[in-house]
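Take a look at the structure below.
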Amino acid sequence: MGIWFSLIFAIGFVIIHLLSKQMKFLRVDPRSKFLSIAGGISVAYVFMHLLPELGEYQQEFEGAIEGLEFLESHIYIIALLGLVIFYGLEQLAKKSRKRGAEKGTDKASSGVFWLHISSFALYNAIIGYLLLRGEYQSEWGMLLYFFAMGIHFITNDKALRSAHKDDYDRYGRWLLAVAITIGWFVGVFTELNILVISVLTAFLAGGVILNVMKEELPEERESSFPAFFSGMLGYTVLLLFL
């Protein structure tokens with residue numbers, strides 16, 4: 001039963017990427033409060049589900065795998081690495097876009113675009129894989145994962161479209177949709193070692209935290225704290241009761 005639920009959700013992720021451009025409520029000025037709500041939900045999922053899951057992985061691995069004791073005791077370093085990598089990519093894209101604006105294009109260079117999209121393709125493939133191979137108590141857990149990551153994709157799509165303009169619509173969104181599908185298919189035919197799953201989960205957690213915070217913290221984003229807090233609080237309560 002789980003594989004069919006995950007297939008439906010994988011298709012849902014693909015649809016989100018392909019149709020997010022048509023979501024008119026994201027175009028409001030000032031910034032749509034939905035994006036802040038989405039950020040709150042994504043952060044709640046990381047802190048209430050993914051990070052506690054990493055704690056369980058770490059306890060399970062301590063002393064269990066010879067030669068990898070450092071990783072066993074420092075799985076959170078992978079989460080930090082995920083955050084740092086996506087921060088570096090964001091800065092690279094921002095500087096490239098600034099140079100592009102000086103030349104009248106107002107978008108990042110082609111090289112930066114492909115590096116940026118390739119990194120997010122890996123990010124999406126991890127999400128697609130964990131959709132099927134993540135640790136869930138029930139189908140409800142998978143649904144909560146789909147909901148949190150789905151609205152997170154909407155935020156990411158808007159940010160990537162802003163940085164890369166028509167390049168994202170022409171190539172980027174399709175590559176990200178394909179990456180999710182590939183990740184899901186890998187999950188269907190391959191069951192990775194639980195240590196690998198813990199590393200993927202940690203990397204995803206760090207990436208989600210950075211990708212949410214970069215949209216919420218800068219003053220020019222005109223984000224809404226009440227909306228962010230409402231999304232975080234509401235989803236936290238939901239996670240506690242399900």
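Keep in mind that glycine also has a Cβ here, set from the backbone N, Cα and C atoms.
A quick note: this is a predicted structure, and the numbers were derived from the prediction, not measured.
Between the listed ranges 142-159, 196-213, TrEMBL ties the annotation transmembrane segment to 142-159. Listed stretches 34-51, 142-159, 171-189 were compared with the transmembrane segment (110-130); the greatest number of C-beta pairs under 8 angstroms is found for 171-189. Most Cβ pairs under 8 A with the transmembrane segment (34-51) among the ranges 142-159, 171-189, 225-241 are made by 225-241. Same-chain residues lying 6 or more positions outside the transmembrane segment (225-241) and placing a CB less than 8 Å from one of its CB atoms are 33-34, 36-41, 43-45, 48-49, 144, 148, 216. The list of residues near the transmembrane segment (6-22) in space but at least 6 beyond its ends in sequence, with Cβ under 8 angstroms from a Cβ of it, reads 124, 127-128, 131-132, 142-143, 145-146, 149-150, 153-154, 157-158, 161, 169, 173-174, 176-177, 180-181, 184, 187.
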